[in-house]
Structure formats: structure tokens, C-alpha cells
Amino acid sequence: MMPFPVTAPGPQQTPTSPKHHGISSPISLAPPKETDCILTQKLIETLKPFGVFEEEEELQRRILILEKLNNLVKEWIREISESKSLPQSVIENVGGKIFTFGSYRLGVHTKGADIDALCVAPRHVDRSDFFTSFYDKLKLHEEVKDLRAVEEAFVPVIKLCFDGIEIDILFARLALQTIPEDLDLRDDSLLKNLDIRCIRSLNGCRVTDEILHLVPNIDNFRLTLRAIKLWAKCHNIYSNILGFLGGVSWAMLVARTCQLYPNAIASTLVRKFFLVFSEWEWPNPVLLKEPEERNLNLPVWDPRVNPSDRYHLMPIITPAYPQQNSTYNVSVSTRMVMIEEFKQGLAITHEILLSKAEWSKLFEAPSFFQKYKHYIVLLASAPTEKQHLEWVGLVESKIRILVGSLEKNEFITLAHVNPQSFPAPKENPDKEEFRTMWVIGLVLKKPENSEVLSIDLTYDIQSFTDTVCRQAINSKMFEMDMKIAAMHLKRKELHQLLPNHAFQKKKTDSTEGVRLTTLNDGSLNLSVDSEDSMSVPLLTSTVKTSPMTGSSQGRNSSALAVMTAPVTSVQVSEVSSQQLNPGDCSGSASSEGIPQTALHPAISPPPKTAVTRVVSSTCLVNHPPRPSGSAATNIANPIVGV
């Protein structure tokens, strides 16, 4: 069976499901009303212009490409079998197969999206064969372009473009003599005697297939997930590598919502999604099924056994063995941002239910570059396009380390990185250089007993750039002209670096004042007013990589130099508390409620801890406490949750 998804966007009424899904009873078994069907059809019409539905012709093209790739795999495995002198009876039935996973397997891929695939081979085919003879076979195929192998990756992969469709192919060798056509990768016994790289490669398919088996209605799940993924991308919270959620995590949250409302259709499920997860008591884990014990001695997520798992802030646990937390990158800041987006989404969907707003409002991009008054801009540059691609990938993978360092500062309430990167203007127009930048918005805590608060971020920036350079050197990637620059900018200065389309016309209110002034030393330093009318000092600077020999300035940096970039004094304002926590200002966006026994049936609530509050003229904002010294929270039975 080739796992090709069928996309049928039409709304469907679902009969009451007799099967029990999930680890708790449903919250509601109510069937859809006529208004729900109308709202679902309106949702579909709103989604269409965003390109989330692929045309039938394009879908058939993908199916044809995967069939060609599947035939190539079978042909290659036969050739390998013959070269290793296997019996003819085995060669004739040796098999081999391409499986898909990710958004394509889930049936929620968008126009032009890539395909995640897995090549499954029998035991006599080695990984080295995959990266040599199969790679060579692909190279000779006329429809294959941009072929490259990443053999040393955490999950080794061959990347290619097949007739215009980008495909990532993983490899797994099973302990089987032949690969049958009806092979079910969810069978845990297949993991026996496999090396860890094969287990990692199988994980994507196993998780995706489990999710599809654990939802009450696949069509309703798919349409809801399309809407939630688009919403997350529009609101800049779709990025696993930067500490938000990736595709599989959003899929599991939507799947859990479907389990709790098994007969609901997409318009209701989108609203219930925001209701459930705006009220979720993190760090209680989200589970789609009870974790099952297997005697395969593989590491699984379990805070009772693994101390490091106790620090995970927003655990969403994959349903296939070995169970893992798909959100271990989430930080205090990214969780705070996502929770506020959940609350805002709940408020908007309530307006839609009352016919006070259209679905398009849910997918309006927020004004990130007007929301904050302090920004850190990171720039990565390299002299060639190939070096730049590698350098940008490394820098981006480490940005969450910088965010984690910033949010440990007691005077930084929030460090919000925008997952979208931008091309940066050239430093020298006459010199060929490839530059990319990311932007981090900062919310500073207003001092209570002092007129001036000075925050030195030099060490945080230098530690980050040190980490990036050290890894680049260890992996033999670093070249002398690869650079990182970090600078602090005011909101009014962002237009000098960012393209015009990055800015929104919508203005935001502000309640707290900050001023910027240049100092004369070499540190990155932020200073905050205690009164709006006061003038206070602030330094901005850039931190750049220098050649890996020679001296440097700053603390604990062997490879970096700090260079001051002067900025004139100007008054700016912090993001308002109302923008950070709209749900707290207006009360519940809906009269709906979720029984806490349904959300967390077997977990004792975590102990109440003191929280920091920032008081404004509009409302209170609660900020989750940061772990220090001990575990983030104590959960009575942490492996059991919803």
C-alpha cells in the first residue's frame, strides 16, 4: 500500500463515534449544527487563496513521482541482492518500499511543499549502499536535480528535486529478509536489533501513522490542521528549531482536540483547539494514548526516570514507541508567546461564532515590528552562496540558546524571536556577500525602586557567537569570512535593514517608556526609564566574529570582538501588557468552559509558585516562573496526562 493522501476539503457530518479515542473521555459528543456546517464551508473558502489545498492535477503528479521513486528503490534493492549472491527465490520477492510521512502523509501538504520519504530495505542492504549505489542511481536519472547527501546528519538524509518536487529521503534497514508490500511500520517488533539511526529514521513514519489511527475522523482532522498550521505560520509561531512548535507538534495538538470533541467538524474544532490550549495547565503533558512499555531498552520520555525531562516546559509526547517530547526546544518566552496567541485565537473565533468577524481575521499577520520597542538583530554573512546556506543553518539552529540566555536576565520579561528571516543589505555594495538576519523583540521589566535600570547583554551575545563559531570549527565548516553580527535597534531604526513588506500599518498602544543613548564603552547595554519623561543612558553595539586568532574584547570570548555602533538618543515605548495578554484584560472570550477533569484526569496540579507581575493601566500580566536550581515543577504522576 502506497500511503498517498486524498484531500477532500468539503465539510462532512460525522456520526457519533462508538470508539473511545485518547486517554480520557470526550468533553462533548455533540454533533455539528447547521451553523457549524456553514462556518466550516466559509473556513474552506477563506483557506483556498492561501494555497493550502493542492489541485488534483498536482496531487496526481506527486503520486506519479513517488511511484517512479518506489520502482527505483525496488530495482536498486534487486541489484544489490544479485551482487551479494542471494538465492533467486529471495531476489524475486525481496521487495523494498518508499513510505511517506510528515505533512504529505497526513494529507495536509500545501502547494509546492516538499515530501518527506523513507526508504525501507531488507537486512542485507547496508546504509553505505544507500549513500553510494542508490545515490549514484539517482544521479543518473534524468528527472533528478539538486542531488545532495547529508550522511553525517543526526538523521542521515538524501535530498533531491524530482521533476520539480523537493524530496528528503531517509533510510532504514529492517531485520527482515524481504520487505512485504503490506508492511505496517507501527509494529513495535520491527525495532528489534536495529541501530539507532534506523530507529530515528522510522520514527517519522511511525508517529504520523499513529496520529492518523488515533483521530476519530481523518477528514475533519485534516481540515482543522490545515487551518491551525496556516494560523501558526501567519502568527510567526511555526518553527521547532527556534523554540516554537513544528508540524508534528501542531498535528498532535489538533489530534487531541479531535479526541476531546470526536463528532465536531472543522469550524468547531478550530475554536475548541484555542479553548483547550489557552487553558492547558502546562507543563502537564499532551498525550494521544497511554504510553506502553516495551522491553527494547530504548530511551523514552519519562520525568520520573529522566531528570532532564522535568525541565520541559510544554511537553507534547509522540504516540509511537519510543515516546519522545517533540517540543523540548520550547523556552519560557516562546511558551508565553504561544499561550497569548492561543488566547487571542480564542477571542477571534468567538467573534466569528457571533458573526462579528470573518475567518480572514484569524489569519491576519500580527505587527511584530511594531509590537516592541527594543530589538536585537542578528546578521549572518558568508562570501559564497554554498557557505552562506551552511552558515545560516548553523546560526539559526543556535538562536534558541541566545533566547534562553536572554530570558534568564531578571530584567528581561520576554525575548521573542521572529521565525521569519530576511535578506540583509550588503555591508559593501562592491563586494559579493550573502547576508541573512533574524529579529528578536524584547520586553524589559520596568525598575521599581530605581530611576535607571542598566542591562548589559554583551556576555550573552558573545557566549552565543562563541558557541556558533566553536561548532563551525569542530565540524570543519568555518571559513574566515563567515561572520555573525548582533546589534540593538530601536523600532524606528528597523526600516533601515528590513524590507518594506515586513512592516504593518497597524499601530499598537504602549504604556512603558524607554530611552536610548550611546555610551562610550564596548558593551551591549539596555537602560530603562522609571518615568516616561526621564532621560537615561543606553548603549547599542554589534558583536562580530573575528579571525580565530588574536585578541578580543569582552568576557570569556576567545574568538569575538565587540565593536560599538553609535545611536542617537530617542524616547521609545515598551509593548503594552494588553498586547501581551489580551485574554486577561477582557476576561474569558467565551462562556465555554472545559472540565478540568477532562483535561487532566490523573495529574495533580503543579504547586503554586510565586510569579512576576507587570502592572499597567489596563491589566495584569502573569509571567511563568523560570526554573532555578531545581526542577521546573513537581508533577505527582508526570507520565500520565492529556
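From the backbone N, Cα and C atoms, a Cβ is placed for every residue, glycine too.
If you look up TrEMBL, you'll see 1-30, 578-608 marked as region 'Disordered'. Annotation comment: TrEMBL describes 22-215 as domain 'Poly(A) polymerase nucleotidyltransferase'. Residues or ranges marked as ATP binding site in TrEMBL: F101, G102, S103, T110, D114, I115, D116, D168, K229, Y238, G247, V248. Positions annotated as Mg(2+) 1 binding site by TrEMBL: D114, D116. What TrEMBL lists as Mg(2+) 2 binding site is D114, D116, D168. The annotation domain 'Poly(A) polymerase central' is assigned in TrEMBL to 220-364.
Sequence features annotated in TrEMBL and their locations in the structure.
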residue: F101; record: ATP binding site; CB count, 10 Å: 24
residue: S103; record: ATP binding site; CB count, 10 Å: 23
residue: D114; record: ATP binding site; CB count, 10 Å: 15
residue: D116; record: ATP binding site; CB count, 10 Å: 22
residue: D168; record: Mg(2+) 2 binding site; CB count, 10 Å: 17
residue: K229; record: ATP binding site; CB count, 10 Å: 21
residue: G247; record: ATP binding site; CB count, 10 Å: 20
Integer mean pLDDT for the domain 'Poly(A) polymerase central' (220-364): 95
Three-state composition of the domain 'Poly(A) polymerase central' (220-364), taking helix and strand from DSSP: 74 helix, 6 strand, 65 coil
D114 (ATP binding site) and D168 (Mg(2+) 2 binding site), Cα-Cα, nearest whole angstrom: 8
